[in-house]
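Here is what TrEMBL says about this protein:
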REGION    A:1-25  region 'Disordered'
TRANSMEM  A:40-62  transmembrane segment
DOMAIN    A:100-312  domain 'ABC transmembrane type-1'
TRANSMEM  A:106-125  transmembrane segment
TRANSMEM  A:137-157  transmembrane segment
TRANSMEM  A:177-210  transmembrane segment
TRANSMEM  A:231-256  transmembrane segment
TRANSMEM  A:299-317  transmembrane segment
Amino acid sequence: MLESLPSTKKTQPTSSHEPQAQPQVKSPVASFELRKNDKYYAWLFLGPSLLLLSIFVFYPMLRTLYLSLFLTDNFGEPTVFVGLQNYLHLLKSAPYLASLKATTTYVVGVASLTIVFGLLLAAMANQKLRGIEFFRTIFTATMGVSVSVSAIFWLFMFNPTIGVLNQVIMFFGHQPIAWLTTPGWAMVAVIVTSVWMHLGFTFLLFFGALQSVPKSLYDAADVAGASSRYQFWHITLPMISPTMFFVAVITLISAFKSFGLIDLMTAGGPTNATNLLVYRIYKDAFMNGNYAQASTESIILAIIIALITLIQFKLLAKRVNY
Amino acid sequence: MTKLTNSLKRYWQVVGLAVIVILGFSVFGYARTQVHAASGRTKIVFWHEMKGPGQKQLNSFITAFNKSQTKYEVVPQFQGSYNAVIQKIMNTHGTTASPAVFQSMDISSSQMYHSGYTVPVQKFIDRDNYDISQISSVARGVATRNNKLLAMPFNTSQTTLFYNAGLLKKYGIKPLPVSPSYSDISRVSSQLYQKSNHKIKGMSVEAYSWLFEQFLSNANEEFANHHDGHVGIADKVKFTGPVAIESMKWLQGRVKAGDFMNYGNSKNEMAAFLSGKLGLFMQTSADTSLLIKGLGKDLGVTYYPHPDGVKPNGISVGGASMWIANDKSATVQEGAWQFIKFLVSAQTQAKWEKATGYLAINNKATQEPVLKQLYAKYPMTKIPGDQLKSAKANYTNSGIFVDGVVAARALIENAMQQIYAGKDVKQSLQTAENSYNKVLKSTNRANGHG
């Protein structure tokens, strides 16, 4: 159906370099009509999505930007114009900078550990062993577990009095750890939970990538006498680099967006140690009713994510072997 | 070209279908928000935030109310947390999604009052000559402005100290007096910790601002200026008064002594208490029914603690009140008022206290057989109610009438966590105080309060 669209394009003079290559078969009038039609079709097909995007994406974005320049009252209405004061105030506020630091720790921790462990699991599952299919299924299992279920599940594991982890620690004669009530351990706890949750999907992607590396490459390397470690660094890694890049981008962005986990496990505490940027925005807007500050934080977060994505594309894309 | 025409035809079909679906949903949604229910009664949409035993009991009240008359039908909608519902009201008022009557917590009174979104229940009280003296005056304090009742208290609680009397007996520790001082509690907590060979933690106080606020209330110390906002718009808070410092230093001392444990949240705290690993803790009286289920007659209950050598001033009530929204028709508002009257009747309140541990605010409720039986079987369940009656309402024990206390609470809770982790008491509280004074300044500016 829609394949017919590109065919209309072909009739247009596509480039001025080779006017002779496409002799003027159609009259100028017909070509003009087609071009007019093109515009018509473009609006027709882009229209609905543009309409939806402007209502649900562009308008909220602009409104957020607008609100960030005001103070908002109890109803969330902008009342006093303050220019960039909200931004200056935030970037000087110690709790906000602490949130920024916590978010960095969390995001870097989650993304790197997910990649390392995902790859490790995939490499193990890629071995040809009897019954390996069972493990391949098990390793992807966390994909089917919702945020709330895994948060509750890990809350039980981390419970200070009846949790399994502390039982094990005490069995070996150590002092129990207050997992979710000491700032450092709370960060460890949410990172562990988040990595566990991300692992299933990451494993699946890496496993698919490993399976698609041509076997002939390894055969050739074997003949040449390359060690399996050398094969991993010089064949496997370059061959799966596009997947690696993809995983790095999506885990990083998904870690930035972690909300349910934080809400259910620590609610940003203790002493704001796990008060990540996204959670802070939610609390400022929907608990504290400070829409101006929440909007300012949203804009800053959007800028941060855009910058990081840009850097990733600039730096990593060079190393990716397509 | 026929291919293109075909695909265009298909395009319009898809668009048409989408439009029909969207219209269908709108009509469906519109029908759902209509005031007249299928039964021909006027629909009263009611937002609440009750969970667990409270939700179960509240739903059975609603069923009973709906059966008791033929004009109205109350439709309950659970809305999550007290904190979230304030913003939901601000954001939905005047739309078909907003409720006719809603439950909102003690510290939201100021914001609800200033929003102008509600009808003070005083209007109906005056019209009907409703006898308001039957409702506890301390409970009314949190929703009163200029001697007018803004909303009807419904689920009223008090911060209460719970202890495991069975454990105290086992280790031969003298029980707590009904109205304990800080040092009474230290004694029991450290004895329990020592005598159990550090196996049982003596005490816990959740890093929860409500508990901090009640330390101030009980020693008659103000939280915000203009008498906690009751006589004007507060523009300064004080978290570093003598009682604030003393209470937090006391708790930090217990942490250092080792008998205090911070469980992070009330669920873990309660789990430890019920499994006999924690001697005493302070929480809402609304937990009483759950604790009785777990400990039975071994549950010990006392008033909220006061500093040594200070006469207890009484504490403000917690919990929430019922507000009538002013964006619905007079008929709907009338239905909401009838429902509220039903909820605070002596019978309903007696059942409510038994099922949950929220305190019956109707003074006649103690005469109901339900409560008489409960008090006879478990005498300690009477103590939180006695605490409520023992206080005389004044500004410091009538809640905090300041907009946006939710944000202040987050700052105080942060300070409490820092204090438990060993940071300087004065400095932690000072940081919270300074931050909130800044917030208050810009909030007042944004709301045109100068």
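Glycine too: its Cβ is placed from the backbone N, Cα and C atoms.
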What else in the chain is close to the transmembrane segment (A:106-125), if you only count residues 6 or more beyond its ends and a Cβ gap under 8 Å? 132, 135-136, 139, 187, 190-191, 194-195, 198-199, 202-203, 205-207, 209-210, 232, 244, 247-248, 251-252, 255-256, 258, 274, 276
Spatial neighbours of the transmembrane segment (A:177-210) far in sequence, C-beta under 8 Å, 6+ residues away: 102, 105-106, 109-110, 113-115, 117-119, 121-123, 125-126, 136, 139-145, 147, 150-151, 154-155, 158, 160, 163, 165-166, 169, 236, 239-240, 242-244, 246-247, 251, 254-255, 258, 261-262, 265-266, 269-271, 273-274
State the residues, same chain only, that lie 6 or more residues beyond the ends of the transmembrane segment (A:231-256) and have a CB under 8 A from a CB inside it; answer 'none' if no residue qualifies. 103, 106-107, 110-111, 114-115, 118-119, 123, 194, 198, 202, 205-206, 208-210, 213, 217-218, 221, 277-278, 301, 304-305, 308-309, 312, 316-317, 319-322
